[in-house]
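Below: the structure, in structure tokens.
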Amino acid sequence: TENEIKIVIKYFLKFALLLFGWIDDFNKMISRYIIGFRLLKILIYHDDIVNSVMLSGDGKKIVSSSNDNTVRIWDISLGKEIMIFRGHNNNVFIAKFSPDGNNVVSCSIDGMIQLWDISTGINVMNTKINLGKIYDLKFSPDGKYIMSYLENDAILLFDISSEAETKKTLGHSRRVLSAQFSPDSKLIVSSSSDKSINLWSVESGKILKQFKFYVCATHVIFSPDGQYIAYSSMDLKILTKSITGKRSKILKGSQYHVNALKYFPDGLTLISCSNDNAIRFYDIKLGKEIKKLEGHYNSTLCVDISKNGDRIISGSADRAIRIWGL
């Protein structure tokens, strides 16, 4: 029955990591599961557009940032804001949970990187970058570093224990547009307006591989196994590529500018959000769009997926955060 299928897949996603393609009927069940996503809840408290959203590791909380200069934490079960951080003096582009869930890091157009203790609400690190606006930052999965990139061609690494800049990677010739750590924290992948994607060694800070394109890659991310990258381009395409550079695939679907990309935990489904307000699902094996979620009233700017793949959260220029699930 439909209910039995949902139960089987729910526990499959939570407790097993079987390969997609194991049996044909199971593939069909997974596809039906993904198609079953629907809107569960709407959170509206930000006073301006929502720039970033992220689920906590246990899936119980959301951290968000906004052009209202705030970082907010939400309790999903209660459906309300439980904490607000006010420390930036301008638009907050990004806020992220630390891997252990104890801290939140945020960055702003004001040039500040701030680290917050969730249990106390206290600002425990406040670093001013004098090189320009900070557009993004991320924790390394091992929790050792915070990575950021500016409006120039540099990627900066900060050692959390010393609160000091430890490394700077220089290899792009123009502004960095996107960057992410590999799942094992050993590599960084970055894209730039110089029309290249670079793979970097975190240890040495050197480029290991470079891919050149005829258009810019606006967003780039690693697959969960670290063997592939997915990227969106200025010509409105979404593509996947092996990190060896030997295989690539174009995913057929949206013809709108992509604001964010995210892999499902299985590594075989990708979602994007766009300026047409929608969230799209792509089956990487089939190379095409398989589902679209609609509900936001303005551009969908950010998206995240729970670790077990049963929840999606999205933030929008309509100032709302939407929670999607079964």
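Note: Cβ is positioned from N, Cα and C throughout, glycine not excepted.
Not measured: the values here are computed from a predicted model.
Straight from TrEMBL, the features:
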REPEAT    43-84  repeat 'WD'
REPEAT    85-126  repeat 'WD'
REPEAT    169-210  repeat 'WD'
REPEAT    251-292  repeat 'WD'
REPEAT    293-326  repeat 'WD'
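Among the stretches 43-84, 85-126, 169-210, the one making the largest number of Cβ pairs under 8 Å with the repeat 'WD' (293-326) is 43-84. Here the repeat 'WD' (293-326) returns a mean pLDDT of 96 for the predicted model. Residue counts of the repeat 'WD' (169-210) by helix, strand and coil are 0 helix, 24 strand, 18 coil (DSSP-based).
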